[in-house]
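A short worksheet on the structure shown next.
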Amino acid sequence: MPDPTPRIERQPASEGGRLLVLGQWTAAQFARPRLLRSLERSLGPAGGWDLSRAERLDHVGAQWLWDRWGRRWPDDLEALPTQRAVLERVARFTGARPPRPRRSWRRAWLGLGEAVLRVVNHVRGFVQLIGELALNLLRLAGLPHTGPWRDFSGHLYRIGGTALPITALVGFLIGVVLAYLTSQQLRQFGADAYIVNILGIAVIRELGPMLAAILIAGRSGSAITAQIGVMRVTDELDAMSVMGISHGFRLVLPRALALAVAMPLISVWTTTWALGGGMIAADVSLGITPAFFMSALPEAVHVDNLTLASAKSVVFGLLIALVGCHFGLRVKPNTQSLGEGTTASVVASITVVILVDALFAVLFKDVGI
């Protein structure tokens, strides 16, 4: 049985030095790994092309040959009528390649200006959303019975309650890893007991709130954007506007309140599991008993650190909700915009959380230390 692999062989110079096209030049054969690289190595100066010995030739093989010929017919070509018909069809429907745009300083400056304007547009829309949220909070304080409490409770469960398993698992594992890495260094200096101080400050003040915020940003922030974006695709947002229902009051407010309430609780939950993992790892690696760990923790970590962590978590929750709603409301009625908005929402949420955490670290560097 002949080998179906597409290949190119060269005739001896005494016979004309033609390139012989052999095998089955079909889409199925071109799916083989490293086939294109092998064919490229077989190319070279040719006295002509002979396709008559090829077993099969479809549009995929013909397109490859046409591109290698520079999209013009070679001077010496021998092909069967059916092969020539396939090549002519490929040549007829192959469009000219668009010219590659030239790089210039003007184009670079225009691209930079476009990026700056895009960022300014996002910042302006985000600030407007914050102002609208503040007005809606004042409205809710004046007329609490008109608030979207059913939506608030539903979002509180979906954002907070369903996130407990994953945050507990990640927090526990991070605590174990941090304790093991720290114990290796402390053992060299005989400062085993200080693992309580390091774990306590790091987990309660920074890692607990940050881990919870990043997980919620990736999990719930994207869900918020997707939910509101789908409402844009299905014209539900337009229907709400026609009925006089405020997007900010019915969509943004309950999600922002739910995240503001849930984030401190999730932060404490994640911190507890991280400390538990660190306590177990400290017992295994350094012999620090859980009883000693629990008794030394209140002395090593001031309660102000827990207060600061809870306050940060409230801010993180509000920012994650606002970023998710911001990108959700800007989704256009097509699936591509929905996917791009969801991705941008996650990236922006995590970036904002890290920036705000750095700001808190600088402003409150003397609190609880």
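From the backbone N, Cα and C atoms, a Cβ is placed for every residue, glycine too.
The transmembrane segment annotation in TrEMBL covers 159-181 (among others). Same-chain residues lying 6 or more positions outside the transmembrane segment (159-181) and placing a CB less than 8 Å from one of its CB atoms are 195, 199, 202-203, 207-208, 211-212, 215-216, 219-220, 255, 258-259, 261-262, 265-266, 269-282, 285.
Marked as transmembrane segment by TrEMBL: 193-217 (among others). A Cβ distance under 8 Å defines the sequence-distant neighbours of the transmembrane segment (193-217), meaning residues of its chain 6+ beyond its ends; these are 159, 163, 166-167, 170-171, 174-175, 178-179, 182-183, 186, 259, 262-263, 266-271, 274-275, 278-279, 282, 286, 288, 292-293, 296-297, 300-301, 305-306, 308-309, 312-313, 316-317, 320, 323, 346, 349-350, 353-354, 357, 361, 368-369.
Marked as transmembrane segment by TrEMBL: 252-269 (among others).
Residues annotated as transmembrane segment in TrEMBL: 275-297 (among others). Outside the transmembrane segment (275-297), and at least 6 residues removed from its termini, the chain residues within Cβ reach (under 8 Å) are 171-176, 178-180, 183-184, 186-187, 192-193, 195-196, 199-200, 203-204.
Here the transmembrane segment (309-329) has long-range neighbours at 122, 125-126, 129-130, 133, 204-205, 208-209, 212-213, 216-217, 220-229, 231-232, 237, 247, 251-252, 255-256, 258-264, 266-268, 271, 341-342, 344-345, 348-349, 352-353, 356-357, 360, meaning same-chain residues at least 6 beyond its ends whose C-beta is under 8 angstroms from one of its own. If you look up TrEMBL, you'll see 309-329 (among others) marked as transmembrane segment.
The annotation transmembrane segment is assigned in TrEMBL to 341-364 (among others).
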Long-range Cβ contacts under 8 Å made by the transmembrane segment (341-364), restricted to residues 6 or more beyond its ends, are 206, 209-210, 213-214, 217-218, 221-222, 224-226, 229, 308, 312, 315-316, 319-320, 323-324, 326-328, 330-331
